[in-house]
Amino acid sequence: MYRVNNLIQTSYCVRSTLTSTKRLLSVKGTQQPQQEKKTYDFRKINKLLVANRGEIAIRILRACTENNIRTVAIYSAEDEGQLHRIKADESFKIGKGLAPIAAYLNIPEIIKVALKNDVDAIHPGYGFLSENGDFAKACMDAGIMFVGPTPDVIYRMGNKIHARQAALDANVPIIPGTTDAVDNLDGVREFVKTHGYPVMLKAARGGGGRGMRIATKESELEEAFQRASSEAKAAVGDGSLFVERLVTQARHIEVQIIGDHHGNVAHLFERDCSVQRRHQKVIEVAPATNLDPKLRERLTSDAVRLAKHVGYQNAGTVEFLLDNHGRHYFIEVNCRLQVEHTCSEEITGIDIVQSQIKVAEGAKLSELGLEQDKIKIMGAAVQCRMTTEDPANNFTPDIGRIDVFRSAEGFGIRIDSASAYTDAVISPFYDSLLVKVIAHSRNHQEACAKMVRALKEFRIRGVKTNIPFLLNVLQHKQFLEGSITTGFLDENPLLFKFVPSQNRAQKLLHYLSEIMVNGPLTPLGTDIKPMNIKPELPHIKKKEIPNGWRQVLLEEGPKGFAKAVRQHRKALLMDTTMRDAHQSLLATRVRTCDLKISAPFVAKNFSQLFSLENWGGATFDVALRFLHECPWDRLTELRELIPNIPFQMLLRGANAVGYSNYPDNVIDGFCQMAVDHGMDIFRVFDSLNYLPNMKVGIDAVGKANGVISAAVCYTGDVGDKSRTKYNLDYYVKFVDELVKMGIHILSIKDMAGLLKPRATKMLIDAIRQKHPDLPIHLHTHDTAGTGIANYMAAFEAGADVVDVAVDSMSGMTSQPTMGGIVAALQNTKYDTGIDMDKVNEYSAFWEQTRLLYAPFECTTTMKSGNADVYKNEIPGGQYTNLQFQAFSLGLGSQFENVKKSYIEANQLLGDIIKVTPSSKVVGDLAQFMVQNNLTAKDVRERADELSFPTSVIEFMQGQLGQPHGGFSEPLRTQMLKGKKKIDGRPGADSEPLNFDKIEEELKKKFGDDIIRKCDVMSYVMFPRVLEEYIDFKQQYGPVDLYPTRIFFVGPKLNEAMDIEIEHGKVLHIVVLAISDLLVETGEREVFFQVNGQLRSMKVKDKVAIKDQKVHPKADKSKKTQIGAPMPGQVLDIKVKEGDSIKKGDTVIVLSAMKMETVVKSTVEGKVKKVHVKSGQQVQGDDLVIELE
């Protein structure tokens, strides 16, 4: 009893020496005689303590339960939630005040727990104290059986120096190595003098693959020594190392042995452990493939002979390296159960753990049926160590909560695990092993097939795993053929190329969770909610779709198509519902999914349409920026659904769909890519009618074999002789220049809706008289309500095509009504042939669909059109936006002032053509004037002191091109205040862009499987927008799959939704509840039911955490900021502020999951700030070092 009390009263230590253990277990008082050395005591084990954690602890507990042995578990404070403590009959916390690993290395406390709870035996598992002779001795001295070799064997074989000598004595070949452990670099260098590089540094007392480093040259030696020694000390409490010559191109073969206490030793054949990373075994197979039977006999005989030579008892492993000449060399003996013991169990049918326990009780091998001649190989087995490491990020350990865990099962599959379940938390304190998967079948290839199937069945979300890497190895021809060496991974870099997991369901739930907790992720225009409605149209089969004008284009080409249009005597219509209409009325927010619903109906019922405007202009960047969908995918998907009607897009001349000046090869590449994705007709315009800009776009469309529909932007009033700047002569001459450029169609772009019937007739008639064979296409906005009248006049004057929007998406700042013009032309020579009933059905669909976009509805502020547009000349879409902006800024009552200022701003700038982006310049100046209470006179008088909007300055510089009539002077010079002026075509001298280089950089940043050619083009147009789009998609998945209402505002509680993530795969999702705020973390937990299974997501409540201090993250775009590559603890800081460092210098050493990682600088520089302290826990991407 005194021994127990003495242990209770003694302060705990991390690692006991043999001397201190004897002292703790001695009888009180110096007058008492020393205890005699105990002989092995055979007895039945009734109660066993497992001095380990995780899956191996559970493996041992199960073996005990099968033998009616009561079990005891120990656990650290960090392991309170681990299953091994729950599965044991009794469990006790240890290591108060100690580090997580130290808790399991605390010999006195473990012995104390065992004695206090009447434990008969202790099983050490693997790792921790499993090869510690002091621990085995302490057990024996306490009268507790140690399930493993005796202390003297562990001392001898657990020390690599002594083990090598034993091998020599047993006539087993060894690799050249040091005869003693080395604890400094001098000892290593002495060995290198004789044997040279490369060398392997190993933990002298074992480390389960830790405490091992390779040095191939002198410059690598010091770092390798420090890391190996540090890891060894952390793993087993002893940092001394053993050095040996490195044998390359070798196979790692180990023989499973088991010995009893009666001198008998048997082997359970061998395992091949050649697939290793960082000297950690990843995949093991048994038996070794392609192994000559005679060589197998030599290996197993040497293993048994060595075990008998040292008097080995219990289970262990004798490890060899096998070179390419068939010579084998002894490496070491693992005096413990191995992680991969399962492979040997599967091929022999022998439960090694149960055998260990029975041997410890004194059983002979023969009593257990373990005579050598009775042990046979039955089939083949493969074991995979599934770890929480990210293979795409250099196998960085990952930690956190497992949000989803779905395991594999089935014939031939065995799963050994502990922390693998939904809601389990993976900590950074222990090994990254999550699950051991073992496949058994008749041969190696069949076992691999089962393993591949099993790994594909796993669904693990919340933490990264190495499953992609395991699958690559298992399906590699060389592995399947069984001809691998320890260099297999290094020789096959493609094994590290992974197809990333889509993880769609989890990402989609993350999106919903964010909306439910923090509100919409897409900014809404108003507080009005989308209506809970599901607009529908009749289902259309592909075979029902008739031919249309696109077939004419495909057969005749652009010129033949234009000729056919001109020869067509009836009126032709272009439907803008899919682009300009919703840009004018719904802030361009209509999503692809809603366009796709109507697409088949349009294809079948409106094949007479000249074209559909469905792409380009503002829709491009809005799709990426706010709708989080790819505009190129929209184009491709709509083309698939509408094969018969030509598509038309808006091309901003030399700006494509962007707002910047691009090199000419960008415009060429963009147009070609658009054609390749399904675009047909390009309405090419310039916001200033600047011909040099237009020529770039016209030439690019021609090269891509697209239809060139060049636009003349209309402003002013050709019917008013007093307005001479933009008179009839100006427009006719402008068209003449366009015709010289080889256009196919002329488009008149009346973006503000300024045309009146008389002016329409005058303009079109003048052009028609001069160019009788040129198709004329008229575009206008119905802001003043005169659209239909203008169109009737246009057709009478010789126009061929006009733009309309379906009735429920027409009027005001949108296009004139489709139904109105169809009805007006019925029973005339211009009859369109379009069925009014179908127009009405189509309109009804969009009337309902429009309710889904209520947050962006223009009618919130605009109740009707307004003929004052003839005075202010504000383009349709801009009119809507300016009014909305005025109301959102609390200036609703001042909108009339904005309109008046727009007139003044236009005159200040020289009465320019107004269409995006020039219209924005006028609008920005108008708002600037209203906000600062400025008149036109004030602007002129104070131009040299006012800070004008950036868009105004850029216009005045000439970055949009040259306006008709030139710039206003001296206002231009006063505004620029010395800034550079551009007097020619902006971008004319730009160097061609290197698309391949951009693609390479994007792939390096986001991954080869993420970046497509079209993404590169999107990046060229909008660099930051594209990057944010990709980041968003990687975080939240394919949110474009959500119905529109759900996408904008999320579902209601208990609302069910079906999301088809691919054909035939549907997620049935129900949001069940949202938790109260978790104060400690600032999170709320959102609970879902997904396909009948309960799942949850924790999301930071942004309102609750706004005052919390958060460690800064490294900005990956700045090379001067060095971030933590993984979560972990700062072990060592190698630099201080003010230090100058070179590229490749070590700055920080991190430790996570018992593995040390060196963080190196990727650039040369001077340390500006060290953001961490030694011992600090960091998360992935936390800023650790900042350079100047």
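Quick reminder: no glycine exception, Cβ is built from N, Cα and C everywhere.
The feature active site is assigned by TrEMBL to ARG336. Cβ contacts within 10 Å of ARG336 (active site), excluding its own Cβ and spanning all protein chains shown: 30.
Its Cβ placed at the centre, HIS279 (ATP binding site) has 18 other Cβ atoms within 10 Å. The ATP binding site annotation in TrEMBL covers LYS160, GLU244, HIS279.
Counting every protein chain shown, the Cβ of ASP580 (Mn(2+) binding site) has 30 other Cβ atoms within 10 Å. Under the heading Mn(2+) binding site, TrEMBL lists ASP580, LYS749, HIS779, HIS781.
Around the Cβ of THR916 (substrate binding site), 21 further Cβ atoms fall within 10 Å across all displayed protein chains. Sequence annotations record features per position, and here TrEMBL assigns substrate binding site to ARG652, THR916.
Under the heading domain 'ATP-grasp', TrEMBL lists 164-361.
Feature annotation from TrEMBL assigns domain 'Pyruvate carboxyltransferase' to 571-840.
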Environment of LYS160, GLU244, HIS279, the listed ATP site - residues of the same chain whose CB lies within 8 A of the CB centroid: GLY177, MET200, LEU201, LYS202, ALA203, MET212, PHE242, ILE331, GLU332
Nearest of the recorded positions (ARG336, LYS749, HIS779, THR916) to HIS279 (ATP binding site), judged by Cα-Cα distance: ARG336
Listed in sequence order, residues not in ASP580, LYS749, HIS779, HIS781 with Cβ within 8 Å of the centre of the Mn(2+) site Cβ atoms: THR576, ASP750, MET751, THR780, ASP803, GLN815, GLY876
Entry from the binding-site residues list LYS160, ARG652, HIS781 having the most other CB atoms no farther than 10 A: HIS781
THR916 (substrate binding site) versus HIS779 (Mn(2+) binding site) - Cα distance in angstrom: 15
Top Cα neighbour of LYS160 (ATP binding site) in the set of binding-site residues ASP580, ARG652, HIS781, THR916: ARG652
Listed in sequence order, residues with CB under 8 A of GLU244 (ATP binding site) and six or more positions away: ILE175, PRO176, GLY177, THR178, VAL199, MET200, LYS202
